[in-house]
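**Q** Sending over a structure as C-alpha coordinates; questions will come in a sec.
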Amino acid sequence: MKTPFGKAAAGQRSRTGAGHGSVSVTMIKRKAAHKKHRSRPTSQPRRNIVGCRIQHGWKDGDEPLTQWKGTVLDQVPVNPSLYLIKYDGFDCVYGLELHRDERVSSLEVLPNRVASSRISDTHLAEIMVGKAVEHIFETEEGSKNEWRGMVLAQAPVMNTWFYITYEKDPVLYMYQLLDDYKDGDLRILQDSNDSPLAEREPGEVIDSLVGKQVEYAKDDGSKRTGMVIHQVEAKPSVYFIKFDDDFHIYVYDLVKTS
(Lines of atoms letter the chains of each structure in order from A and count residues from 1; the text may use other names and numbers.)
(Lines give C-alpha, C1' and ligand atoms only; values in the text may rest on other atoms or scores of the structure.)
Protein backbone atom coordinates (compact mmCIF):
# COMPACT_ATOMS: atom_id res chain seq x y z
CA MET A 1 0.00 0.00 0.00
CA LYS A 2 1.30 3.44 -0.83
CA THR A 3 2.16 5.74 2.03
CA PRO A 4 1.31 9.47 2.16
CA PHE A 5 3.76 11.79 0.45
CA GLY A 6 6.11 9.01 -0.61
CA LYS A 7 7.22 8.13 2.94
CA ALA A 8 7.39 4.66 4.45
CA ALA A 9 5.01 4.00 7.33
CA ALA A 10 4.19 1.21 9.81
CA GLY A 11 1.42 -1.24 9.20
CA GLN A 12 2.28 0.08 5.78
CA ARG A 13 5.89 0.39 6.94
CA SER A 14 7.98 -2.68 6.23
CA ARG A 15 8.64 -3.09 9.97
CA THR A 16 12.27 -3.98 9.39
CA GLY A 17 13.16 -1.99 12.47
CA ALA A 18 14.72 1.41 12.78
CA GLY A 19 15.77 3.34 15.83
CA HIS A 20 14.93 2.80 19.47
CA GLY A 21 12.81 4.34 22.16
CA SER A 22 15.43 6.00 24.36
CA VAL A 23 17.80 8.63 23.02
CA SER A 24 19.89 11.52 24.24
CA VAL A 25 19.07 14.89 22.78
CA THR A 26 20.60 18.30 23.26
CA MET A 27 18.39 21.26 24.05
CA ILE A 28 19.24 24.23 21.87
CA LYS A 29 18.23 27.86 21.98
CA ARG A 30 15.08 28.73 20.11
CA LYS A 31 15.79 29.98 16.64
CA ALA A 32 14.06 30.37 13.33
CA ALA A 33 12.93 27.04 11.92
CA HIS A 34 15.00 25.59 9.12
CA LYS A 35 13.20 26.20 5.84
CA LYS A 36 12.95 22.76 4.33
CA HIS A 37 10.12 23.97 2.12
CA ARG A 38 8.38 27.19 1.20
CA SER A 39 5.59 28.45 3.40
CA ARG A 40 2.79 30.89 2.82
CA PRO A 41 2.72 34.18 4.77
CA THR A 42 0.64 34.21 7.94
CA SER A 43 -2.92 35.40 7.34
CA GLN A 44 -5.90 36.21 9.55
CA PRO A 45 -7.00 33.71 12.21
CA ARG A 46 -8.75 30.69 10.71
CA ARG A 47 -11.61 28.51 11.88
CA ASN A 48 -10.93 25.61 14.21
CA ILE A 49 -10.61 22.51 12.04
CA VAL A 50 -9.80 19.99 14.79
CA GLY A 51 -12.26 17.13 14.48
CA CYS A 52 -12.97 17.95 10.84
CA ARG A 53 -12.58 15.77 7.80
CA ILE A 54 -10.30 17.33 5.18
CA GLN A 55 -9.00 16.67 1.71
CA HIS A 56 -6.17 18.32 -0.20
CA GLY A 57 -3.63 17.94 -2.92
CA TRP A 58 0.07 17.29 -2.32
CA LYS A 59 2.92 18.08 -4.65
CA ASP A 60 6.57 17.95 -3.61
CA GLY A 61 9.03 19.15 -6.23
CA ASP A 62 8.78 17.28 -9.51
CA GLU A 63 6.59 14.53 -8.08
CA PRO A 64 3.06 14.22 -9.52
CA LEU A 65 0.15 15.82 -7.72
CA THR A 66 -1.67 13.37 -5.43
CA GLN A 67 -4.90 13.69 -3.44
CA TRP A 68 -5.31 12.88 0.25
CA LYS A 69 -8.25 12.69 2.63
CA GLY A 70 -8.13 12.40 6.41
CA THR A 71 -9.15 13.57 9.88
CA VAL A 72 -7.59 16.45 11.82
CA LEU A 73 -6.81 15.08 15.29
CA ASP A 74 -5.16 18.01 17.02
CA GLN A 75 -3.67 21.48 16.71
CA VAL A 76 -0.31 21.68 18.48
CA PRO A 77 -0.43 24.39 21.21
CA VAL A 78 3.30 25.19 21.06
CA ASN A 79 3.09 25.58 17.27
CA PRO A 80 -0.52 26.43 16.32
CA SER A 81 0.33 26.22 12.60
CA LEU A 82 1.01 22.49 13.03
CA TYR A 83 -1.81 19.95 12.86
CA LEU A 84 -1.78 16.21 13.58
CA ILE A 85 -3.63 14.25 10.90
CA LYS A 86 -4.75 10.65 10.41
CA TYR A 87 -5.04 9.97 6.68
CA ASP A 88 -7.52 7.37 5.45
CA GLY A 89 -5.97 3.95 4.96
CA PHE A 90 -2.69 4.76 6.71
CA ASP A 91 -1.55 4.04 10.25
CA CYS A 92 0.96 6.83 10.92
CA VAL A 93 -0.01 10.16 12.43
CA TYR A 94 1.38 13.02 10.35
CA GLY A 95 2.28 16.59 11.30
CA LEU A 96 1.70 19.30 8.70
CA GLU A 97 1.30 23.07 8.67
CA LEU A 98 -1.81 22.77 6.53
CA HIS A 99 -2.37 26.48 5.93
CA ARG A 100 1.28 27.39 5.37
CA ASP A 101 2.95 24.51 3.57
CA GLU A 102 2.99 25.28 -0.15
CA ARG A 103 3.15 21.57 -0.94
CA VAL A 104 -0.47 21.44 0.25
CA SER A 105 -2.99 22.63 -2.36
CA SER A 106 -6.76 23.06 -2.57
CA LEU A 107 -7.32 22.36 1.13
CA GLU A 108 -11.00 21.66 1.66
CA VAL A 109 -12.73 21.23 5.00
CA LEU A 110 -15.55 18.73 4.51
CA PRO A 111 -18.99 19.54 5.97
CA ASN A 112 -19.40 16.90 8.68
CA ARG A 113 -17.21 16.64 11.77
CA VAL A 114 -16.22 13.22 13.07
CA ALA A 115 -18.91 11.82 15.36
CA SER A 116 -17.88 10.61 18.80
CA SER A 117 -18.02 6.84 19.27
CA ARG A 118 -18.68 4.84 22.41
CA ILE A 119 -15.76 2.89 23.88
CA SER A 120 -16.72 -0.78 24.12
CA ASP A 121 -14.64 -1.46 27.25
CA THR A 122 -13.61 1.62 29.23
CA HIS A 123 -11.94 -0.45 31.95
CA LEU A 124 -9.68 -2.22 29.46
CA ALA A 125 -8.93 1.10 27.76
CA GLU A 126 -7.76 2.59 31.07
CA ILE A 127 -5.63 -0.46 31.89
CA MET A 128 -4.01 -0.50 28.46
CA VAL A 129 -2.73 3.11 28.38
CA GLY A 130 0.89 3.43 29.49
CA LYS A 131 1.53 -0.30 29.23
CA ALA A 132 4.15 -2.20 27.26
CA VAL A 133 2.48 -4.53 24.78
CA GLU A 134 3.21 -7.09 22.10
CA HIS A 135 1.27 -6.34 18.92
CA ILE A 136 0.89 -9.05 16.29
CA PHE A 137 0.96 -8.18 12.59
CA GLU A 138 0.34 -10.56 9.72
CA THR A 139 2.69 -10.31 6.74
CA GLU A 140 1.67 -10.55 3.10
CA GLU A 141 2.93 -14.14 3.15
CA GLY A 142 0.61 -15.00 6.02
CA SER A 143 3.24 -15.32 8.76
CA LYS A 144 2.85 -13.38 12.00
CA ASN A 145 5.35 -11.00 13.59
CA GLU A 146 5.26 -9.72 17.16
CA TRP A 147 6.18 -6.09 17.72
CA ARG A 148 6.89 -4.80 21.19
CA GLY A 149 5.65 -1.29 21.85
CA MET A 150 3.86 1.00 24.25
CA VAL A 151 0.27 2.25 24.27
CA LEU A 152 0.60 5.99 24.77
CA ALA A 153 -2.93 7.38 24.98
CA GLN A 154 -6.44 7.22 23.66
CA ALA A 155 -6.40 9.20 20.42
CA PRO A 156 -8.23 12.52 20.27
CA VAL A 157 -11.32 12.88 18.05
CA MET A 158 -11.22 9.23 16.87
CA ASN A 159 -11.72 8.00 20.41
CA THR A 160 -11.96 4.26 19.69
CA TRP A 161 -8.37 4.44 18.43
CA PHE A 162 -5.17 4.53 20.50
CA TYR A 163 -1.76 6.11 20.01
CA ILE A 164 1.02 3.51 20.05
CA THR A 165 4.73 3.38 19.21
CA TYR A 166 7.23 0.54 18.81
CA GLU A 167 10.74 -0.11 20.11
CA LYS A 168 12.11 -0.82 16.64
CA ASP A 169 10.16 1.96 14.93
CA PRO A 170 9.67 4.98 17.22
CA VAL A 171 7.04 6.76 15.15
CA LEU A 172 3.51 7.64 16.28
CA TYR A 173 0.84 5.23 15.02
CA MET A 174 -2.80 4.69 15.86
CA TYR A 175 -4.88 1.52 15.82
CA GLN A 176 -8.16 0.23 17.21
CA LEU A 177 -6.36 -1.70 19.91
CA LEU A 178 -9.42 -2.88 21.84
CA ASP A 179 -10.44 -4.89 18.79
CA ASP A 180 -6.90 -6.23 18.40
CA TYR A 181 -6.85 -7.24 22.07
CA LYS A 182 -10.15 -9.10 21.79
CA ASP A 183 -8.95 -10.80 18.61
CA GLY A 184 -5.82 -12.02 20.40
CA ASP A 185 -3.49 -9.77 18.40
CA LEU A 186 -2.45 -7.57 21.33
CA ARG A 187 -0.96 -8.78 24.60
CA ILE A 188 -0.35 -6.52 27.61
CA LEU A 189 3.03 -7.29 29.17
CA GLN A 190 3.01 -7.63 32.94
CA ASP A 191 6.02 -5.52 33.83
CA SER A 192 6.26 -3.54 37.07
CA ASN A 193 8.28 -0.88 35.28
CA ASP A 194 5.26 -0.02 33.15
CA SER A 195 3.62 1.94 35.93
CA PRO A 196 4.23 5.68 35.58
CA LEU A 197 3.92 6.02 39.35
CA ALA A 198 6.92 3.73 39.81
CA GLU A 199 9.10 6.20 37.93
CA ARG A 200 8.62 9.02 40.43
CA GLU A 201 9.53 9.62 44.02
CA PRO A 202 6.69 10.94 46.22
CA GLY A 203 6.16 14.62 45.47
CA GLU A 204 8.58 14.58 42.56
CA VAL A 205 7.74 16.86 39.64
CA ILE A 206 9.05 16.02 36.19
CA ASP A 207 9.91 19.16 34.25
CA SER A 208 8.26 19.35 30.86
CA LEU A 209 10.37 19.77 27.74
CA VAL A 210 7.39 20.70 25.57
CA GLY A 211 8.22 23.64 23.33
CA LYS A 212 11.97 23.05 23.53
CA GLN A 213 14.08 22.96 20.40
CA VAL A 214 16.13 19.77 20.18
CA GLU A 215 19.09 18.53 18.20
CA TYR A 216 19.38 14.82 17.48
CA ALA A 217 22.67 13.23 16.43
CA LYS A 218 22.18 10.27 14.09
CA ASP A 219 24.46 7.24 13.89
CA ASP A 220 26.13 8.56 10.73
CA GLY A 221 27.19 11.76 12.51
CA SER A 222 24.65 14.01 10.86
CA LYS A 223 22.23 16.05 12.94
CA ARG A 224 18.59 17.00 12.68
CA THR A 225 16.68 19.63 14.61
CA GLY A 226 13.10 19.74 15.75
CA MET A 227 10.67 20.64 18.51
CA VAL A 228 9.20 18.73 21.43
CA ILE A 229 5.45 19.08 20.88
CA HIS A 230 3.81 16.84 23.49
CA GLN A 231 4.46 15.07 26.79
CA VAL A 232 2.77 11.69 27.30
CA GLU A 233 0.65 11.88 30.44
CA ALA A 234 0.88 8.15 31.19
CA LYS A 235 4.68 8.22 30.78
CA PRO A 236 5.99 11.70 31.63
CA SER A 237 9.52 10.98 30.36
CA VAL A 238 8.13 10.15 26.89
CA TYR A 239 7.62 12.93 24.34
CA PHE A 240 6.48 13.52 20.78
CA ILE A 241 9.02 15.27 18.53
CA LYS A 242 8.38 16.91 15.16
CA PHE A 243 11.63 17.25 13.21
CA ASP A 244 12.02 20.11 10.75
CA ASP A 245 12.82 17.80 7.83
CA ASP A 246 10.06 15.22 8.32
CA PHE A 247 6.28 15.04 8.66
CA HIS A 248 6.26 11.91 10.83
CA ILE A 249 5.86 12.35 14.59
CA TYR A 250 8.63 10.63 16.54
CA VAL A 251 8.27 9.22 20.05
CA TYR A 252 11.26 9.16 22.39
CA ASP A 253 11.99 8.59 26.05
CA LEU A 254 14.12 11.70 26.38
CA VAL A 255 17.32 11.95 28.39
CA LYS A 256 18.22 15.60 28.81
CA THR A 257 21.88 16.43 28.19
CA SER A 258 23.76 19.61 28.84
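A Cβ is built for glycine as well, from the same backbone N, Cα and C atoms used for every other residue.
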**Q** According to Swiss-Prot, which of these ranges is region 'Disordered': 1-23, 185-207?
**A** 1-23
**Q** State the mean pLDDT for the region 'Tudor-like domain 3' (210-255).
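**A** Overall, the region 'Tudor-like domain 3' (210-255) comes to a mean pLDDT of 92.
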**Q** On a count of neighbouring CB atoms within 10 A, which of the recorded sites D169, D180 is highest?
**A** D169
**Q** When DSSP is mapped onto helix/strand/coil, what comes out for D169 (site 'Histone H3K4me3 and H3R8me2a binding')?
**A** strand
